[in-house]
Number of protein chains: 2
Amino acid sequence: MLKFDLLATDPDSHARRGTLTLNHGVVQTPIFMPVGTYGTVKGVMPRSLEDMGAQIILGNTFHLWMRPGLDVMQSFGGLHQFEKWNKPILTDSGGFQVWSLGAMRKISEEGVKFASPVNGDKLFLTPEISMQIQTVLNSDIVMQFDECTPYETKGHLTTEREARTSMELSLRWAQRCKTEFARLENPNALFGIVQGGMFENLRDESLAALVEMDFPGYAVGGVSVGEPKDEMLRIMAHTPHRLPAHKPRYLMGVGTPEDLVEGVAQGVDMFDCVMPTRNARNGTIFTRHGDLKLRNARHKSDPQPLDATCTCYACAGQSGVSWADGGRDGFSRAYLHHLDRCGEMLGPMLTTVHNLHYYLNLMREVRESLDAGQFSAFRARFKTERARGV
Amino acid sequence: MLKFDLLATDPDSHARRGTLTLNHGVVQTPIFMPVGTYGTVKGVMPRSLEDMGAQIILGNTFHLWMRPGLDVMQSFGGLHQFEKWNKPILTDSGGFQVWSLGAMRKISEEGVKFASPVNGDKLFLTPEISMQIQTVLNSDIVMQFDECTPYETKGHLTTEREARTSMELSLRWAQRCKTEFARLENPNALFGIVQGGMFENLRDESLAALVEMDFPGYAVGGVSVGEPKDEMLRIMAHTPHRLPAHKPRYLMGVGTPEDLVEGVAQGVDMFDCVMPTRNARNGTIFTRHGDLKLRNARHKSDPQPLDATCTCYACAGQSGVSWADGGRDGFSRAYLHHLDRCGEMLGPMLTTVHNLHYYLNLMREVRESLDAGQFSAFRARFKTERARGV
């Protein structure tokens, strides 16, 4: 099932506030969805995810198909029970990962042939098989199997003709997904994905054809695939707000905190990105006043937390009182710098909690500003604060 | 400060039940102390340590001296504030780590010269410097700087003459530590360490001389250094119960769950060992019914938790209800096997929580059996259950 209720719209932008009801619960939108590739958001316990207000997480169909495999997933009745996450889950289609195999895969009308990166087995992924796997996973939101049109291939920019061929293939696959999803009597919700590369006319065609097929929700794919930032912003300004207003809109694989706030202004309801978790492991920290490089020697004996305004466990400890409000229970930059330098697991554990909390809290602030009819003011203040520097 | 109160003694063994009051709190003995080498028990958040009932943890003087260094430690007023652990901390003297540098160090009457393994700097560690560092760390229990007599060196078993020379050096260093500790007006407690290798007469001499010096607590060192198990058990049966009854006794670096229960029977109050944390990261799991090898393929789709009787977060989830009591919130062996296979951080995070919980809970059961005057029965049941197999 999927039910989307629009609660408020911003008069000065395309921003919207809504609730998305799925089989495993209700999601407040706009929302950021942490990525849990192999059935785990890297470095985070499920209870920590709940503590920091995660409402829906991702799983990767391709990875879970490889390991632990469908037999194990079937025996657990799906991904929720396997990874002990009882709230909604969205799974991708496997298309993007198969695409990323590069020379190791061969695409035809029927689907994609490839060699398993785990054991070399020859495998075949089709729209039907993707639907079958996602049905076993029992994810609340199932993504159609598509071809993710690249921005460039070995220095060759994708031409309009190539982007059209790719987009049209994805449309035929969308229909096959829809048919198979219905045949499987999957009780969850299937999203169509708008493609068309960097060509707005192709995006319009893709969108129109998908709307004709009447999916319960739509994604914008083929962004955040290596294109320059202004190209990404151009597509983000073009496509989302043209999607049906009464259905949820998901911008795949985006992005920085600035991208998220801009995406909301352009009418996006849902985001996912590995950036908060991956950057945490590499020592890049998101804060209200800009990004912080934890490996910089200037943090060696700094007693401050990562973000003085933050109430996450890393910044505010058990009490949850921020440094700015007088709390002194959080972990210092000096300590986190030390843990990183010593290669201690606790380092990425704490920075991951912080970065995810930052993203989830940012979206909470976005929602609150929409509820209060103050999104424009929020957006301006957000930009100023982030530009201040940490 | 240190205050040790003996609450009960077992009539059938040397086992004792006590409380140890230190500057940062009260510790119930017998106790297992998790090892936090670099200012972090590897893979565990401080709040998880508290959840699982850790009362006192270790820090390593040598490692913390190298990184982050004394300047940082000084600026935080010690290790507690740096690592955000407000309960008692015990630090070792650095002697064992310097010893482990092998060819890179040179021992004299004055102390040990060595090259920093971090940056190659030439460094000198003496009893006085060890006391100075541990005073900066402000650990509740400070260990004397000693020479850890090896069991063998490149195939050569340590002779009685060599063990005597080493033991006598440690005694002279014990006196220097005591003098320096007093000069520094360190408000915590200094423990002496019994050495003497595998020679009971030397152990007796060491013990008598240390008791003469009147330390507030005593450790048995030079075990768990590569000797055969029966040699370790022989020293464990010889030394601890000969130490003063009204002072705490600490057996350093020991050991398996069986070793701990045997150690308690021999009169030991305190244990530390890297085994639960290190083995967790290597997929060896301690359970009530024996050790479990998580990497074994037979766990691939097993829905059971690691230990059906365990109430840790890994085995019983948020509810804390064990599988045996009908709880189904814990993580399955299949899931933990999968995380290990994929190299996901959550794997060692959860297995570390379990193994530490196992050790801490084992000691809680030991204490309860002593409180109830049932230690002999507990000891017999423990052996039977552990031998059953998992």
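Glycine is no exception: its Cβ is also placed from the backbone N, Cα and C atoms.
Annotated features in TrEMBL:
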ACT_SITE  B:ASP92  active site, proton acceptor
ACT_SITE  B:ASP272  active site, nucleophile
BINDING   B:ASP92, B:SER93, B:GLY94, B:GLY95, B:PHE96, B:ASP146, B:GLN195, B:GLY222  substrate binding site
BINDING   B:CYS310, B:CYS312, B:CYS315, B:HIS354  Zn(2+) binding site
DOMAIN    B:13-386  domain 'tRNA-guanine(15) transglycosylase-like'
REGION    B:253-259  region 'RNA binding'
REGION    B:277-281  region 'RNA binding'
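What TrEMBL annotates, mapped onto the structure for a quick look.
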residue	record	DSSP class
B:ASP92	active site, proton acceptor	coil
B:ASP146	substrate binding site	coil
B:GLN195	substrate binding site	coil
B:GLY222	substrate binding site	coil
B:ASP272	active site, nucleophile	strand
B:CYS310	Zn(2+) binding site	coil
B:CYS315	Zn(2+) binding site	helix
B:HIS354	Zn(2+) binding site	helix
Here's one to test understanding: among the recorded positions B:ASP92, B:GLY94, B:GLY95, B:HIS354, whose C-alpha is closest in space to the C-alpha of B:ASP272 (active site, nucleophile)?
B:ASP92
Among the binding-site residues B:CYS310, B:CYS312, B:CYS315, point out the residue whose Cβ has the most other Cβ atoms within 10 Å, with all shown protein chains included in the count.
B:CYS315
List, in sequence order, those recorded positions among B:ASP92, B:GLY95, B:GLN195, B:GLY222 whose Cα sits within 10 Å of the Cα of B:CYS312 (Zn(2+) binding site).
none
Distance between B:GLY94 (substrate binding site) and B:HIS354 (Zn(2+) binding site) at the Cα atoms, whole Å?
29
What Cα-Cα separation, expressed in whole Å, is found between B:GLN195 (substrate binding site) and B:ASP92 (active site, proton acceptor)?
15
Candidate recorded positions B:ASP92, B:SER93, B:ASP146, B:GLY222, pick with smallest Cα gap to B:CYS310 (Zn(2+) binding site):
B:ASP92
B:CYS310, B:CYS312, B:CYS315, B:HIS354 excluded, remaining Cβ within 8 Å of their centroid (Zn(2+)):
B:PRO305, B:LEU306, B:ASP307, B:THR311, B:TYR313, B:ALA314, B:ALA316, B:GLY330, B:VAL353, B:HIS357, B:TYR358
Length of the line joining the Cα atoms of B:GLY222 (substrate binding site) and the residue listed as 'active site, proton acceptor', in Å:
13
Do you know offhand how many angstrom separate B:ASP146 (substrate binding site) and the residue listed as 'active site, proton acceptor' by C-alpha?
10
Just to verify a number: CA distance, B:HIS354 (Zn(2+) binding site) to B:GLY95 (substrate binding site), in angstrom, no decimals.
31
On a C-alpha basis, identify the one among B:ASP92, B:GLY95, B:PHE96 that is nearest to B:CYS315 (Zn(2+) binding site); the candidates are the recorded positions.
B:ASP92
Among B:ASP92, B:SER93, B:GLY94, B:GLY95, B:PHE96, B:ASP146, B:GLN195, B:GLY222, which the record lists as binding substrate, how far apart in Å are the two most distant Cα atoms?
16
So, by DSSP, how many helix, strand and coil residues make up the region 'RNA binding' (B:277-281)?
5 helix, 0 strand, 0 coil
In this structure, which of the active-site residues B:ASP92, B:ASP272 has the fewest other Cβ atoms within 10 Å of its Cβ?
B:ASP272
Mean pLDDT for the region 'RNA binding' (B:253-259), as a whole number?
98
If you run through the region 'RNA binding' (B:253-259) with DSSP, how many residues end up as helix, strand and coil?
3 helix, 0 strand, 4 coil
